[in-house]
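**Q** The following block contains the structure, expressed as structure tokens.
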């Protein structure tokens, strides 16, 4: 994307005001999403959605229902945002989240709660955008409407790292607050009887308060959005003057191949004086934003952040594929999905599955009642914590994830190297699941450190594995013109894995107990280790990581003496 200038020739300023307004809208969503995770298990028990042994399965359905509904309605919302603008879709989506949260908090029946989650996903168009990219790529990429607005706000490439990093950063902060809020505000009549009597509204509806607070936050976000948020879709801004868009040849096709690089949005199509980003696609989608994650896991191989708060780029002398070239790109006619891409994508999907399983299992295991006396090995039950305790653990888990991503991740990867970081973290990943069943027999003073250890391991492994895998996938991609297809395969596979993971692991928990569920996650992680032996080694000799938040740059050169392709066991 070439730098654009305003009429007087000056470089457009960084759109701080509009990004801040959009960030407030973004911030309100994960608060609602993550607040339910702290109490979903006990809520299902209270609602009698099934026998006690089936509670984990029904809780998993509640977690996944939102994402499934989003997948069914995403294309329609994307089309509406193209025609009528991003702003109304974003604000209407927030309203959908508010309605869903209110119904969920008032639910006295499990199926009403499930319907509320489904309605929230169906009405929320903020994460529903698939956009067409230029003809020469002939592929589709998935972007959120809010991310699309960011792409339309940013006019110069130098502003992109900070602008795109703001979205996952805000999502993480909202998730931390939401997790704590759900734990501290659920069942208020039980924990704060002097403030909330048992015969009052919050005694009759023990899960209304956290949802009501979420609704208030969302309403405030909607109000400031209505007043201050500007429309970014050029077609919608000129909708009242259709001739200005379609007349006199103003609409042109953007076929400039030379402008396709890692900064190019997956969503370029027609443009009116300047690039227009469309939100429509013709293929099915699976979305993950409705799933409660401590750190947002969206990614885009054309961007430089790879789902992190860092800008990661290859240095000019790196031994990389032609994808880094910004000029002279011709349509690539060879095979898109080589063996390396397929195997790395499989590894990424496996990680996504057991990572989401951990996010679902952790609060379930903490809340479930023990099935054995304290101090004995319990392979069936949980640890018997309260929703307050779970809220604290989940909030701290989010803070740990943010610290690891912002501080440890760039130092570790640049010291160890992309390939070795990926291998070591995948190999060690099962330990974060195997330790969980053995926390119960520990003395009470050691249980919390054991839980924190498991959370630190899980955060470290996941935060390192996913970006490094994406770097390796991008490095293995034969041409930038097929990055859309490669990104679509990787994102769709990961989102599908995260969507099915909660109910599947819930079934295992219900049928075999807590240890069986944790060991099943470890088993999937072991499959990822075995699969590495068939992953050809892809070198990334030189990378530079730039913190978009802190503005720091760390560079590293991997060993240049090893060449060729080797198996994972080398």
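A Cβ is built for glycine as well, from the same backbone N, Cα and C atoms used for every other residue.
Because TrEMBL annotations are produced automatically, they should be read as predictions rather than curated entries.
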**Q** Looking at 360-384, 485-509, I want to know which stretch TrEMBL calls transmembrane segment.
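**A** When 360-384, 485-509 are checked in TrEMBL, transmembrane segment belongs to 485-509.
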**Q** Under TrEMBL, the annotation transmembrane segment belongs to which of these stretches: 515-535, 536-556?
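**A** In TrEMBL, the transmembrane segment feature sits at 515-535.
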**Q** Going through 169-187, 336-356, 392-413, 422-439, 485-509 one by one, which has the most CB pairs that fall under 8 Å from the transmembrane segment (515-535)?
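**A** That would be 422-439.
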**Q** Answer with yes or no whether the transmembrane segment (207-229) touches the transmembrane segment (89-107) by the criterion of at least three Cβ pairs under 8 A, sequence separation 6 or more.
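**A** As far as Cβ distances go (cut-off 8 Å, pairs 6 or more apart), the transmembrane segment (89-107) and the transmembrane segment (207-229) touch.
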**Q** Contact between the transmembrane segment (485-509) and the transmembrane segment (56-77) is defined here as three or more C-beta pairs under 8 Å separated by at least 6 residues; is that satisfied?
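**A** Contact criterion met.
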**Q** Quick one: do the transmembrane segment (336-356) and the transmembrane segment (169-187) reach 3+ CB pairs under 8 Å, ignoring pairs fewer than 6 apart in sequence?
**A** no
**Q** Take the transmembrane segment (169-187) and find every residue of the same chain, 6 or more past its ends, with a Cβ under 8 Å from one of its Cβ atoms.
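**A** Apart from its flanks, the transmembrane segment (169-187) reaches 23, 26-39, 42-43, 206-207, 209-210, 213-214, 292-296, 309, 387-392, 394-395, 397-399, 401-402, 405, 549.
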**Q** Of the stretches 20-44, 207-229, 422-439, 451-473, which racks up the most C-beta pairs under 8 Å with the transmembrane segment (392-413)?
**A** 451-473
